[in-house]
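So that you can see what the record holds, here are the features copied from Swiss-Prot:
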BINDING   63, 92  heme b binding site
DOMAIN    2-146  domain 'Globin'
MOD_RES   1  N-acetylvaline
MOD_RES   12  phosphothreonine
MOD_RES   59  N6-acetyllysine
MOD_RES   82  N6-acetyllysine
MOD_RES   93  S-nitrosocysteine
MOD_RES   144  N6-acetyllysine
């Protein structure tokens, strides 16, 4: 994905303010609630039977934080997303068999969570930059599927 210097700045400046655990847990929780078929990849997480159970599930919150830590790795390597996510792509493709469309869904939810948390600070230009980033990450994660 090609990001301009301004877009890279928009991403990195906002990233420094993101509450990783809260935002990651919220994003993964929303994915599981809005797209319930995605929960099949998380059967070992325990109770995911309703929104309250999902959003209060410590394993969901912990894995969501882990996802955002991986986004932090992406932000440190904006010019090499495929290399950054090569091992995760292989894991999700070969071992977990995750539908790569799910990466796009989660990326869009992350953008929604950021917009909600940052309000007016999450400008149109910031949203454009983040949409490009999450699309690039989704593409990098889907790389081993091609």
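Cβ coordinates are placed from backbone N, Cα and C, and glycine is handled just like the others.
What you are looking at is a predicted structure, and each value in this text was computed from that prediction instead of being measured.
A map of Swiss-Prot features onto the structure.
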residue	record	Cβ contacts under 8 Å, 6 or more apart
1	N-acetylvaline	81, 132, 133, 135, 136, 139
12	phosphothreonine	75
59	N6-acetyllysine	42, 44, 45, 46
63	heme b binding site	24, 28, 42, 45
- [ ] Report the DSSP secondary-structure composition of the domain 'Globin' (2-146) as helix, strand and coil residue counts.
- [x] 116 helix, 0 strand, 29 coil
